[in-house]
Ligand code: DMJ
């Protein structure tokens with residue numbers, strides 16, 4: 001209790017995120033949603049007794065990771081425990097204002113990343129105990145990191161009545177709007193010193209992913225508020241999705257799985273056919289952007305879907321299948337961290353996932369260095385969103401298969417679940433690490449996938465990138 005990440009095999013813990021007890025904070029709202037009163041009671045009493053001291057005393061933390069996991073977790077706990085006349089899912093635990101007070105104290109320190117920077121682009125790292133901030137050693141911030149703070153900062157401003165959090169966060173998005181892009185797509189690095197993008201690498205995987213996710217989610221969060229016009233976010237999102245379809249979407253051979261490659265085009269003249277598991281957030285985001293959280297049936301009935309929305313929904317369904325097949329194609333039924341795809345231009349033999357009965361065993365390549373599984377959530381997140389929106393039971397069936405593989409190969413009998421070193425080997429060697437997002441995201445999305453659709457409806461809640469639901473406030 002109180003470590004950032006847990007080591008379930010050795011039954012120890014490790015502070016890989018700066019020492020704010022990230023697992024217990026990230027997991028709290030999952031326990032609330034599941035109605036696990038005893039867990040909520042134990043977790044919330046740790047937070048009430050220890051978290052503020054940790055925030056006052058700890059050193060360097062990453063602005064983005066701390067915002068999405070710790071601040072996001074506190075904000076959801078605030079709402080779910082009845083704050084802001086929110087839901088009262090937690091019968092046990094402290095008053096909601098405790099979560100709000102801790103969230104404000106933390107966010108006040110995180111704000112130094114914005115205020116110390118010479119531009120509107122925040123530094124990547126904050127030293128909590130003295131509220132100072134600095135850039136990473138290479139002087140750069142990740143594009144996804146600077147653009148994945150706004151849901152949390154906006155909600156904190158709304159519930160605290162202090163606009164400063166939202167103001168700083170939204171300045172970043174307003175600035176990003178002015179920068180040159182490639183068909184709406186952006187490089188994965190940005191300089192807080194110049195305010196300009198850096199390098200040529202464009203991808204929807206690591207360091208790029210949630211830039212695209214927050215464009216549409218922040219728009220959904222703010223579109224009905226009266227202060228400000230946020231249509232530019234929707235425009236940026238739509239342009240980017242057109243860019244994805246035009247520049248990055250490819251089909252594998254021989255069985256035509258749709259995947260999202262990476263730029264730049266290599267020396268041989270073709271796109272890199274590499275897809276991080278992280279990209280599997282995209283189908284959920286595309287489906288959400290298309291129907292705005294309504295079911296497809298309702299959105300169609302009310303004539304709300306444009307041709308582009310339907311096209312995005314189709315891409316969402318195709319990509320969800322690919323993400324599921326990245327699991328199905330391995331011997332363990334669990335996806336690797338990164339997959340490559342055979343295409344008309346790219347071939348590498350002898351690197352399949354090991355499940356010879358998969359129809360796609362010849363389409364997907366898994367390189368030795370990419371065979372690990374960190375219990376990541378993106379595919380089950382998209383299965384949850386696609387199920388809610390299309391109501392197609394196949395998404396539950398796929399989710400159940402993935403859940404059974406997690407149970408079979410990652411569960412540690414004495415408690416916890418472990419990351420794996422190699423998903424193509426049975427039994428897969430365990431890594432002895434449970435990332436915080438397994439409890440914060442993976443299990444929450446699986447639980448919601450099999451639950452009633454009236455719980456956390458997608459037109460009333462927006463999930464931050466770490467699966468913490470925040471209510472969309474009415475005007
Ligand atoms: C999580 O911390 C978030 O989902 C983030 O957006 C991406 N990486 C991890 C999960 O894979």
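Glycine is treated like the rest: Cβ placed from N, Cα and C.
TrEMBL entries are annotated by machine, without manual review.
The active site, proton donor annotation in TrEMBL covers 65 (among others). Counting every protein chain shown, the number of other Cβ atoms lying within 10 Å of the Cβ of residue 65 (active site, proton donor) is 19.
There are 25 other Cβ atoms within 10 Å of the Cβ belonging to residue 209 (active site). Secondary structure from DSSP puts residue 209 (active site) in a helix. Marked as active site by TrEMBL: 209 (among others).
For residue 337 (active site, proton donor), other Cβ atoms within 10 Å of its Cβ number 20. Residues or ranges marked as active site, proton donor in TrEMBL: 337 (among others).
What TrEMBL lists as active site is 378 (among others). Counting Cβ atoms from all protein chains shown, residue 378 (active site) has 25 others lying within 10 Å of its own Cβ.
Marked as Ca(2+) binding site by TrEMBL: 465. Within 10 Å of the C-beta of residue 465 (Ca(2+) binding site) we count 27 further C-beta atoms, all protein chains included.
DSSP assigns residue 280 (disulfide bond) to a helical segment in the three-state reduction. Feature annotation from TrEMBL assigns disulfide bond to 280-323.
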- prompt: Quick one: which of the recorded positions (65, 280, 323, 337, 465) have their CB closer than 6 Å to ligand 1?
  reply: 465
Within 10 angstroms of residue 280 (disulfide bond), Cα basis - recorded positions out of 65, 337, 378, 465: 378
Task: Could you round the CA separation between residue 323 (disulfide bond) and residue 378 (active site) to a whole angstrom and send it over?
output: 9
